[in-house]
């Protein structure tokens, strides 16, 4: 069929592109949502198979796509336009703060309003569902990065039916990711190369435009190649999403957290001269142009081709919301007159570092970290244009012609849609550009995670990696880390268990492992705030320690993964590199010191030099030093336009104690931490109040409130009761103070409580209300049984003519079995396919048949809750569909 299984002619690249660690000089674009440096095989060799592919592939939406009969267009080009390159560089630097990437070229490929393949011999009429998505490959002489962009409402089908079994109505979800393809093994064979999957099922495909790994829904960024060495794809993880790389060669399921960030305006390049700029256009790749003409060698690298017939579409989306911007000046930017051609765009905040993704694979070699100082513009300063001039531009005056998909204010995230992302101890507020979460009085945090003020905090996690001591590498295999922080005076205790020699002795000077918890929960002096109020429980801290005089380097990556069921912070740590050898039995002492943190949107950085002394029987007392460079990235909600936020803060670390207990193999750090504005002395005469010096006698579960002079007041933390000097936990469950609703069980915790749904129930969309779990949607019963869902339970009943417990049904002797009806054949084809190892699309509808095998007049979708009436052939009766939570129609009425 024309427009199905089409591949472009070769797109020559002006300079080679590194994909993984291999150099390629050309690319091909295919209708099936895929880009490859090699000419693609026939689609039957890959489009209906799993992932990865046998050939190198960049797959923003690999599915059986058909652009024949004018159903969509595909544009592609290679560009050197400064505005495009500046934009790519901007996103990469935000996604990977340590990167020094400056792209020289970008390849932009856009699939606009494309449709899934339809078999008209089985299905009457074409589908009215269309998808719009885009891939942008930016590269220079050493690296490549890829952006996947999915506008809200741009994905309306999430998979396609395999051609060979089209009539079975089983969909294969689209595959999104990267594949290196097969690589040589020895001399005569080949093996599967590394690959990275973003999607794993239909729900993860739907997540493509609902979440992202850059801090904005629908925008995904990946480091995809390097000239020197490259093991596997590294995703950006600004919002904590995909913060861990999958093991080599395996896909990685998506989480469902949607980060939120402020919208931003992109200012034009004031140095751009339109009279001197050669026009760059897209290659349209359509079914009406099977030759896929490309640009001639030399000169411009692209040429826009008009459709072969006058009625072929030559403009972007006919559907509002599918807004795709091209470099072509003669292409309308949008067909919706209500929005014009200047949609606003959301801001990308600086994300966490790419190397954090590798921590989930202990077998991958850990490369010493290079931490660079990050100096983005101050929050209150105007943004600089690419030309370096300060400009002030109204939204209606900006030309956003950047060649990538844009997001309008119509897509703004609101509390009504995303309030469940806030902590149960927070409230949600809407602002002009989005929403923010704020902790309620008595709690502190970033709104997404809130903890009771004054209560001590506990941290747990795992430590892994390889540390070389002298010339001896030592493997740490997910050993336990526990920390306890007394928030009232800033004391932080950290213990790492099962640490083998000699690394236990050698890691004693590396107190920065435990300093993170001191920064998160430091004692706050006036006009300052501890780190947890900014980061919440999801963040990535990357640090590099350089020891002198031996120049050994140790990388530390610590990832906050949220709060567990007990409201304890979970942090995983990966250490890798080299440390100096310390003699067994040595003692390490560290003097108090101060460190200055610089704060930018979504990132805090610091650089310092520390001195420490080592006393050993062999060498006596020796002095050494190390340099610490670190950055901590996290989500930062700036929709509320908070002004006056401090740009720098100073943390004072006192009473630093380190020890390795050989007999117990435990490494301990203890540090007292106070955070204040820069230059403020915690021991100054104006800060002698016991609340600031830590000399108060408040309970460890109480908050010290300073009064005039040296007076203070002790107030039990939220969730505790007492006089402040003696506090005890309030059992919210026993006293009826819980926030748990119907069908939920209250579980008391120190200082708080949590709700867990009873058996047969699950949390609803808001994450708090327990709703009935439809067990029947997973088809738990035998193929010859029917499933009856009830509140909190379900039943399996064998069909007439069969007997058993419903989970297994046998035919009764002497019974004749009538031929299966159309309804039973339809139902059984879906259920039996799953039992035989087939794949049923997540959320697929399974029809319900009555005891005679006929379609039940009322059909309900087990996953969505929608109900509708059908005729005798199972076709939906118009006007009978009802949404979940409403009474269904009376299907006995005509």
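Placed from the backbone N, Cα and C atoms, the Cβ positions cover glycine too.
Residues annotated as compositional bias 'Acidic residues' in TrEMBL: 266-283.
Here TrEMBL flags 307-317 as compositional bias 'Low complexity'.
Sequence-distant contacts (6 or more apart, same chain, Cβ under 8 Å) of residue 860 (disulfide bond) comprise 848, 866, 867, 868, 888. Feature annotation from TrEMBL assigns disulfide bond to 860-867.
Summarising the annotation, TrEMBL assigns domain 'NIDO' to 60-227.
Per TrEMBL, domain 'EGF-like' is recorded for 411-451 (among others).
Annotation comment: TrEMBL describes 455-685 as domain 'Nidogen G2 beta-barrel'. Across the domain 'Nidogen G2 beta-barrel' (455-685), the model assigns an average pLDDT of 89.
What TrEMBL records for 687-728 (among others) is domain 'EGF-like'.
For the domain 'EGF-like' (729-771), the DSSP-based tally of helix, strand and coil residues reads 0 helix, 18 strand, 25 coil. Per TrEMBL, the feature domain 'EGF-like' maps to 729-771 (among others).
What TrEMBL lists as domain 'EGF-like' is 772-810 (among others).
Annotation source TrEMBL lists domain 'Thyroglobulin type-1' at 820-891.
If you look up TrEMBL, you'll see 266-366 (among others) marked as region 'Disordered'.
Under the heading region 'Disordered', TrEMBL lists 874-894 (among others).
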Intrachain residues whose Cβ lies under 8 Å of the domain 'EGF-like' (729-771), provided they are six or more past its termini
419-420, 424-425, 452, 455, 565-567, 701, 717-721, 791-794
Provide the number of Cβ atoms within 10 Å of the Cβ of residue 867 (disulfide bond), excluding the reference atom itself.
19
